[in-house]
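If you look up TrEMBL, you'll see 14-226 marked as domain 'SMP-30/Gluconolactonase/LRE-like region'. Here TrEMBL flags Arg61, Asn63, Glu81 as substrate binding site. Residues annotated as divalent metal cation binding site in TrEMBL: Asn113, Asp167. Among the features that TrEMBL reports, active site, proton donor/acceptor is placed at Asp167.
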Amino acid sequence: MSVSCIWLQVRTEGTIPFAIPVANHNNKIVLGHNHYVKLTDMKKKHEELIAMVETENADTRLNDAKCDAAGRLWTGTVATEKEPANVETEQGSVYSVEKKHVRKHIERVTLPNGIAWSADNKKMYFVDSIPGKLYVYNFDLAKGDISNQKVVADFNHPNFADLGYPDGITIDQTDKLWIACYNGGHVVKVDPATGSLVQKIKIPTQLVTSLCFGGPRYEDMYVTSAFIGLPRDQLQSQPDAGAVFKISGIPGVKGLPANCFTI
């Protein structure tokens with residue numbers, strides 16, 4: 001198996017919250033930029049606008065995104081931060097982008113982050129970080145519809161004490177969720193059937209942001225972190241803040257391939 005790493009440097013104003021491969025196009029990715037979803041050809045260095053999301057609101061921007069098994073992009077909007085994780089509440093929404101068609105699905109969210117789907121594609125999981133909630137929805141893959149919102153895990157509960165805020169999420173082959181704990185310095189495993197905390201893995205920095213499975217058999221976990229937002233004294237004591245970490249050899253745990261965007 002040949003594995004390569006592509007480094008893409010984007011010079012632009014604003015933020016680039018996500019970059020997702022395009023199915024059957026090795027040189028193309030879909031990027032988020034402020035309110036815009038763009039198709040980027042890395043070889044030709046060409047951009048094409050796919051969709052505009054919430055352009056009527058200058059005080060919001062796109063945040064995290066993932067694609068479902070049908071190749072739709074799911075992304076959320078968030079109020080522009082005054083500082084990291086300090087945003088006006090309930091100003092965001094969650095959208096899907098299919099081809100160039102934009103649909104709104106969820107309103108009044110504060111900091112939309114992790115999204116994942118069950119192996120059978122009948123459930124969608126979604127994190128609203130500031131309220132500390134991990135939600136589950138019934139999911140219709142063919143139609144791209146969600147319904148019947150329920151809380152899977154609440155990080156305000158004593159079971160999740162000192163774990164900060166839920167941020168990015170991924171799911172393993174047994175349908176267990178793995179959650180990056182922002183300001184909690186951990187990755188945790190949660191059983192979505194019960195909402196119970198199954199496992200904790202310490203990360204050597206507090207601001208853990210997201211995670212995914214990789215490697216030839218999806219047995220490795222890659223964990224991202226941040227350093228912006230850490231006080232100066234903590235920056236000195238956490239020299240690896242902002243690094244990407246690799247966790248290998250978690251017993252009995254394998255992930256699933258990520259979905260790509262379909263054009």
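Placement of Cβ uses the backbone N, Cα and C atoms for every residue, glycine included.
Those TrEMBL annotations? Automatic predictions, nothing curated.
Shown here: features listed in TrEMBL, placed on the structure.
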residue : record                             : CB count, 10 Å
Arg61   : substrate binding site             : 22
Asn63   : substrate binding site             : 21
Glu81   : substrate binding site             : 14
Asn113  : divalent metal cation binding site : 26
Asp167  : divalent metal cation binding site : 25
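The average pLDDT computed over the domain 'SMP-30/Gluconolactonase/LRE-like region' (14-226) stands at 96. Of all the binding-site residues listed here (Arg61, Asn63, Glu81), Asn63 has the Cα closest to the Cα of Asp167 (divalent metal cation binding site).
The substrate-binding residues named in the record, Arg61, Asn63, Glu81, extend over a maximum Cα to Cα distance of 11 Å. Each residue contributes its Cα atom, and for Arg61 (substrate binding site) and Asn113 (divalent metal cation binding site) these two points are 13 Å apart.
Rounded to a whole number, the C-alpha distance linking Glu81 (substrate binding site) with Asn113 (divalent metal cation binding site) is 14 angstrom. Calculated from their C-alpha atoms, the gap between Asn63 (substrate binding site) and Asn113 (divalent metal cation binding site) amounts to 7 Å. Same-chain residues that are not part of Arg61, Asn63, Glu81 yet have a Cβ within 8 Å of the Cβ center of the substrate site turn out to be Thr15, Pro17, Thr60, Leu62, Thr77, Val78, Ala79, Thr80, Val87, Leu111.
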